[in-house]
Amino acid sequence: MTAVILDGKQVAAEIRADLAKEVADFVAGGAPPPCLTAVLVGEDPASQVYVRNKARACEKAGIDGRTHRLPADAGQDELMALIAELNTDTNVNGILVQLPLPTGSGVDYDEREILDAIDPLKDVDAFSPVNVGLLMQGRPRFLPCTPHGIVQLLGRSNLSVAGKKVCVVGRSDIVGKPMAMMLAQKNGSCGPDVANATVTIAHSRTENLAEVCREADCLIAAVGRPEMITGDMIKPGAIVIDVGINRVGDKLVGDVAFDQAKEIAAAITPVPGGVGPLTIAMLLHNTLAAAKLQSGR
Ligand SMILES: NC(=O)c1ccc[n+]([C@@H]2O[C@H](COP(=O)([O-])OP(=O)(O)OC[C@H]3O[C@@H](n4cnc5c(N)ncnc54)[C@H](OP(=O)(O)O)[C@@H]3O)[C@@H](O)[C@H]2O)c1
């Protein structure tokens, strides 16, 4: 069997084109362009690239993408003051703090305190406790961008996991946990095709990981370890979603050994070009949703 390759780039382009039209309609109705403000602390090269890519994507969608830069040693108080200012600035609809915050400059940041300080109505990453809680309860305000992108990719590829066994490997607050929660929802609040899965969350303490993975009709790897999911861990005919982005030499590789997996799975995402492009598309989606919410408040 050779798997269907799920083209995240193509799906993201479709979403972004639809979104650009929605933004244009919103603005034509008299609203200012939605505004997403990224906060970048320090000079981490990867973070700079991410923020630049987000700003470019905003521009293409008609969204006002801004970046606030602070030096690595700005400190917790200065960063908290900036968040407070952005919270009250009515021109700003979405706030995102680029993670990870810097370490090693002699200044430590309390990431949790900073993320908690973002106004939940401007929390386009959906990291705040209020938005996480709403998602848990099946009435999300914003869906976290990477899991939401995966849901969109599944839905637009006509792949339903309802009633199926899904294994999510990884339990981070950003990917693994919200992904599992979205797929297990009863009410379809995260998309009609993603409710009602039977979800297992695996992690570094899972016993017999290969066996647990092999039971899954849909395997989602969000670990951060290059090619750790090998062919023998995949059920024949499974859907395989690879969230991992790992730099190995000058190449980017996923958490799944792609060449092995594509011979066993029915459908698989590549790295790069799979989940990655969808994350930014869903961030833009949340920014427009935030602008709409705030214009009605
Ligand atoms: N495509 C995108 O847009 C996108 C977005 C976000 C992240 N990512 C990528 O996705 C990957 C995961 O990101 P993350 O933020 O979720 O990472 P993370 O916070 O480091 O979490 C990694 C998870 O993997 C688990 N894990 C580590 N080693 C394991 C092992 N040997 N067996 C089973 N589980 C293991 C950890 O278990 P414990 O909890 O037990 O430690 C943890 O739950 C990274 O490569 C990241 O770059 C991509």
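Each residue, glycine too, has its Cβ placed from N, Cα and C.
The following features are taken from TrEMBL:
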DOMAIN    6-125  domain 'Tetrahydrofolate dehydrogenase/cyclohydrolase catalytic'
DOMAIN    144-294  domain 'Tetrahydrofolate dehydrogenase/cyclohydrolase NAD(P)-binding'
BINDING   Gly170, Arg171, Ser172, Ile245  NADP(+) binding site
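Less than 8 angstroms from the CB of Gly170 (NADP(+) binding site) sit Gly176, Ala202, His203, Ala221, Ala222, Val223, Gly224, Val243, each of them six or more residues away in the same chain. Taking DSSP states H, G and I as helix and E and B as strand, the domain 'Tetrahydrofolate dehydrogenase/cyclohydrolase catalytic' (6-125) has 61 helix, 18 strand, 41 coil. Per-residue confidence over the domain 'Tetrahydrofolate dehydrogenase/cyclohydrolase catalytic' (6-125) averages 96 (mean pLDDT, predicted model). Of all the Cβ atoms in the protein chains shown, 18 others lie within 10 Å of the Cβ of Arg171 (NADP(+) binding site). Cβ neighbour count for Ile245 (NADP(+) binding site) (all protein chains, 10 Å cutoff from its Cβ): 18.
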